[in-house]
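Below you'll find the structure, written out as structure tokens, and then a few comments.
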Amino acid sequence: MSTLGHQYDNSLVSNAFGFLRLPMNFQPYDSDADWVITGVPFDMATSGRAGGRHGPAAIRQVSTNLAWEHNRFPWNFDMRERLNVVDCGDLVYAFGDAREMSEKLQAHAEKLLAAGKRMLSFGGDHFVTLPLLRAHAKHFGKMALVHFDAHTDTYANGCEFDHGTMFYTAPKEGLIDPNHSVQIGIRTEFDKDNGFTVLDACQVNDRSVDDVIAQVKQIVGDMPVYLTFDIDCLDPAFAPGTGTPVIGGLTSDRAIKLVRGLKDLNIVGMDVVEVAPAYDQSEITALAAATLALEMLYIQAAKKSE
């Protein structure tokens, strides 16, 4: 059982092995880790198909197939030789208590950041990003958001716990600056007056990767960046295992290239969310999420000398 909490561990097998077969450390705060992976098995804020609470386990399980590559293509180095990454297992909270989950996740994140660690988190539904943003903003101040998704999640429906409202709430709390934030892959209805730059899926699919990345860098500038990737940004052909799939999304190839292009940004926190393995086929959604998470670590490792 993870020592991040004391209730019954509802994560099933998630705490049995680490992402990419990395070492498990249930007390990461005093470790020498650079980056700490945390699973958040929560899907109570889902409006579509539930099941995202099993996402962390699915991502970890399929990631074992990625662990063998030491000089990863096209990086040609081993991230593990440049970054000290540990997996602290899943957040434990009273199952069914969304408020407790939010408070415990924020407290866990604040403690890690105060200890000089950085976080890569696995959802869970996308609501888990909000307590993570609250913790990161306390440590880094107002941030830019780089957000991959089929939905803007800026919907003002008055619900406190909803995976479609985080980026309506976050600017109002002063956590992120919409004028320096960008949402990539959007292909559903959204409010055009909320300050975010929206790069919809049609234009992202039609433009070159280099062109999109250049615009993202111009928008973000030198602000600290929180990177969040909702797996439904990908087309359902590449990621069927999610709660709210939307046709017309990005290919996995384009998404990976876009993430790689973010390596020069000042990224201070990252997450991958909304994997729901019950709807997956041959683990392709979990594999896409695990690969994107690995690429996120590689863009951090690329900043470090050998």
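Cβ from N, Cα, C; glycine included.
Between the candidates His126, His136, His180, Swiss-Prot assigns the Mn(2+) site shared with Asp149, His151, Asp153, Asp230, Asp232 to His126. Packing around His126 (Mn(2+) binding site) is summarised by its Cβ count: 31 other Cβ atoms lie within 10 angstroms of its Cβ, all protein chains included.
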